[in-house]
Amino acid sequence: MEWAPMNIRAPTRLAVGRVRFYGQHHGEVNCSAFSPDGRTLLTASDDGCVYVWGTKSGRLLWRLAGHRGPVKSCCFSPDGRLIASSSSDHSIRLWDVARSKCLHVLKGHQRSVETVSFSPDSKQLASGGWDKRAIVWEVQSGRRVHLLVGHCDSIQSSDFSPTSDSLATGSWDSTVHIWDLRASTPVVSYHNLEGHTGNISCLCYSASGLLASGSWDKTICVWKPTTNNLPLQLKGHTIWVNSLAFSPDELKLASAGYSRTVKVWDCLTGKCLETLKGMLDVAHACIFTPDGKLLVSGAAVTR
């Protein structure tokens, strides 16, 4: 993992440099996530483990082992009490942060689980994967609440809306589905956002409800999902887009491409503010710290 520090007083320029390198993984880094207070960093690796780091010290706090295949996704619950991880072993694991202990193993997918995301109130968890289905789980009990069927190919990304009443899923069928979770029935309705011409590999909501999606077509779409409006389409990546993250103030959007670069965009104008280079290998993940001062990028580095 690498850190690129940002000068937030000069929003059009970034102070770029490696702050810390995390090199204890024994496989590619597929995902990274900060705790809500910014004190802890998660990394998910092809070696089957989730790594929990102290952000200031850079020290490895825990290595969460239990998956029987590469860990494809990981995230903290918004209340900071839980960690969710998903794997190619078809399962999702819920971990207690305080005790670094696995609380639930959620089984319901038939193939690799590529994405997990918590609802803003930390009460629900969404997952999706190669079986073309998304599942919404009740966190406390591990019970399946909704089975979401409608995509024609693998689901690679998911995120709840800020109000928790809808879920966005991105698929290799080139569409984004917005699922209405207000229904009390297990099966819910959805509508499509169509604008990409390639597999959708990542998406994320902003705090105000904007939705960004990245694709193999090398573009990023920024949507207003409630109106199906597409106010911005960002072009500049030369290879497909792997990861997206809004800054906490929503003025910037970071994107990691399947190359050794991370781009930072102005969310108002669509202009590329900076192209960050210097990754050792493919940039698999990017995320802002909760205070917006640092941008973290994860690469396929195994040493």
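Each residue, glycine too, has its Cβ placed from N, Cα and C.
Per Swiss-Prot, repeat 'WD 1' is recorded for 24-63.
Below 8 angstroms of C-beta separation, residues 27-28, 30-37, 40, 42-50, 52, 111-122, 125, 127, 129, 137, 139, 142 of the same chain, each at least six residues beyond the ends of the repeat 'WD 2' (66-105), sit close to that stretch. What Swiss-Prot lists as repeat 'WD 2' is 66-105.
Mean model confidence of the repeat 'WD 3' (108-147) amounts to 97 (pLDDT, 0 to 100 scale). Under the heading repeat 'WD 3', Swiss-Prot lists 108-147.
Panel annotation: around the repeat 'WD 4' (150-189), residues 114-121, 124, 126-130, 132-134, 136, 144, 196-209, 211, 213, 215, 223, 225 of the same chain, lying at least six beyond its termini, place a Cβ under 8 Å from a Cβ of the stretch. Here Swiss-Prot flags 150-189 as repeat 'WD 4'.
Residue counts for the repeat 'WD 5' (195-233) under DSSP (helix as H, G, I; strand as E, B; rest coil) come to 0 helix, 22 strand, 17 coil. Feature annotation from Swiss-Prot assigns repeat 'WD 5' to 195-233.
Taken from Swiss-Prot, the feature repeat 'WD 6' covers 236-277.
Annotated repeat 'WD 7' per Swiss-Prot: 279-303, in sequence order.
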